[in-house]
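First up is the structure itself, then whatever we jot down about it.
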Amino acid sequence: MARGDAPRDSYHLVGISFFILGLGTLLPWNFFITAIPYFQGRLAGANSTAETLGTNHTSSADTFNFNNWVTLLSQLPLLLFTLLNSFLYQCIPETVRILGSLLIILFLFTLTAVLVKVDMSPGLFFSITMASVWFINSFGAVLQGSLFGQLGTMPSKYSTIFLSGQGLAGIFAALAMLISMASGVDAQTSALGYFITPCVGTVMSIVCYLSLPHLKFARYYLAKKPSKAHGQELETKAELLQSDEKNGIPNSPQRAALTLDLDLEKETEVEPEEPQKPEKPSVFIVLRKIWLTALCLVLVFTVTLSVFPAITAMVTSSTGPGKWSQFFNPICCFLLFNVMDCLGRSLTSYFLWPDEDSRLLPLLVCLRVLFVPLFMLCHVPERSRLPILFPQDAYFITFMLLFAVSNGYLVSLTMCLAPSCRGPKVEVTSRVPGLLTLGTRERRGDRKTRQVLPQEREVTGTLMTFFLALGLSCGASLSFLFKALL
């Protein structure tokens, strides 16, 4: 069936389904970190959840390092399953991976909600919570990778819709927290309502996934999926990167949002007279082309996760007890971060600056390291070493705004620029040891040879996904050190 014969997405039901599925993939991470005050209250020995949603209990719960552990155990599964994706996706059918992951996530969210009503010792509560965090994010990683595989067969705008749902997951969690705090009911009922919300969201995700085979538009595109189990599943988000080749401009701003576009139809339109088996891209050649951009991505996430939420969730208002103090951290830490991060990511749809050849990109990424001491010197009452140099709330709000916008923009920028990265230039008259040992013959001005080729984009996406997960894990690990330095 030709492209023109493709059915229409009636009432945008497929788009709505993938938006909700995108939202559901990041609910575990966002709902657990946004509820840090609740968990700290339970670990502080408050058997009832009274006054736990909006109050920091850092000192009494500090021995557990909850902020650090919840961050680390949320990010390690992503790194692990990025490494194991090939084996896992070849052995387990797609439906089992997606539906099974959603059901287990629903069960673990339900368990977390039930624990709100169960009194237990802080140590036991911590152990159960950490186990839930590990497993819920492990299955979230499997779910996310599998859904990206499905999106590889869909038009690119559905990938943008899916990623938009992911971007709104943090805002959704922060708003759910604020509504539960402002509901006027007792704190225990408020916490219960908060954790029931992601259960409802996960049920909606299950319904959306089960509805896809019954929608003609989804059936048409999903039926195109080749039989090879994993080669076309993007090696877990492998085609998060695309370029606007129709205009001859790699990653033009009009198409620079993170999307998944395999261009399956375009590949079938132009058939060579003598089909040749494409040469398998070399990981080392691709890595040599994208290493600087990949390093920037690692550093961006390392800086972000080293202080958010481990340090930022400990910051309190300097105005003293009151309503503003109660709502300060949910609004100024979690809601502000997610809104500004989403704004930063959307900016790459309008412009890409600096470009892949500019040395400004590494400079901007390195400058974000300054946010680490800035947040550590904000109003965190529980400290033993460093002074408080920025006690006013305005300082923290300003730092968080710049921190979040720069995170969203630089993450999106590095992912957009990766397919247009070029390897090092080689002069014809020079012989640099080891530079041509990977089988490339590059000449001065041969930009096409040095640029990431179309057949190398899948490897590029896989490598960038790995470096993304590596940066998240490194940042979560460093958070223990920075908290100890306070």
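Every residue number used here counts from 1 along the chain in the order it is shown.
Each Cβ is built from the backbone N, Cα and C atoms, and glycine gets one as well.
As annotated by TrEMBL, transmembrane segment applies to 12-39 (among others).
Annotation comment: TrEMBL describes 69-89 (among others) as transmembrane segment.
The transmembrane segment annotation in TrEMBL covers 96-118 (among others). Sequence-distant neighbours of the transmembrane segment (96-118) (same chain, 6+ residues past either end, Cβ-Cβ under 8 Å): 24, 27-28, 31, 49, 88-89, 125, 128-129, 132, 135-136, 139-140, 142-143, 146-147, 150, 188, 191-192, 195-196, 198-199, 202-203, 205-206, 209-210.
TrEMBL lists 124-149 (among others) with the feature transmembrane segment.
Listed by sequence, the residues of this chain that lie at least six past the ends of the transmembrane segment (161-185) yet keep a Cβ under 8 A from its Cβ atoms are 15, 18-27, 29-31, 34-35, 53-54, 147, 151, 191, 193-194, 197-198, 201, 257-260, 326-327, 330-331, 334-335, 337-339, 341-342, 345. The transmembrane segment annotation in TrEMBL covers 161-185 (among others).
Per TrEMBL, the feature transmembrane segment maps to 191-212 (among others). Note on the transmembrane segment (191-212): residues 13-14, 16-18, 20-21, 23-24, 27-28, 31, 35, 38, 49, 52-53, 98-99, 102-103, 105-106, 109-110, 112-113, 116-117, 172-173, 176-177, 180, 183, 185, 218-219, 222 of its chain, located 6 or more positions outside it, place their CB under 8 angstroms from a CB of the stretch.
The transmembrane segment annotation in TrEMBL covers 290-315 (among others).
Through the fold, the transmembrane segment (327-348) approaches residues 30, 33-34, 37, 54, 56, 167-168, 170-171, 173-175, 177-178, 181-182, 253, 256-258, 308-309, 312-313, 315-317, 393, 396-397, 400-401, 403-413, 416 of its own chain, all at least 6 residues removed from its boundaries and within a Cβ separation under 8 Å. Annotation comment: TrEMBL describes 327-348 (among others) as transmembrane segment.
What TrEMBL lists as transmembrane segment is 360-382 (among others).
Taken from TrEMBL, the feature transmembrane segment covers 394-418 (among others).
Among the features that TrEMBL reports, transmembrane segment is placed at 459-482 (among others). Within the same chain, residues 65, 67-68, 71-72, 74-76, 78-79, 82-83, 234-241, 281, 283, 286-287, 290, 293-295, 297-307, 310-311, 372, 376, 411, 414-415, 418-419, 421, 452 sit at least 6 positions outside the transmembrane segment (459-482) and bring their C-beta atoms closer than 8 Å to a C-beta of that stretch.
Residues 28-29, 32-33, 36, 39, 97, 129-130, 133-134, 137-138, 140-142, 145-146, 149, 229-230, 233, 235-236, 305, 309-310, 465-466, 469-470, 472-473, 475-477, 479-480 of the same chain lie 6+ residues outside the transmembrane segment (69-89) yet bring a C-beta within less than 8 angstroms of a C-beta in it.
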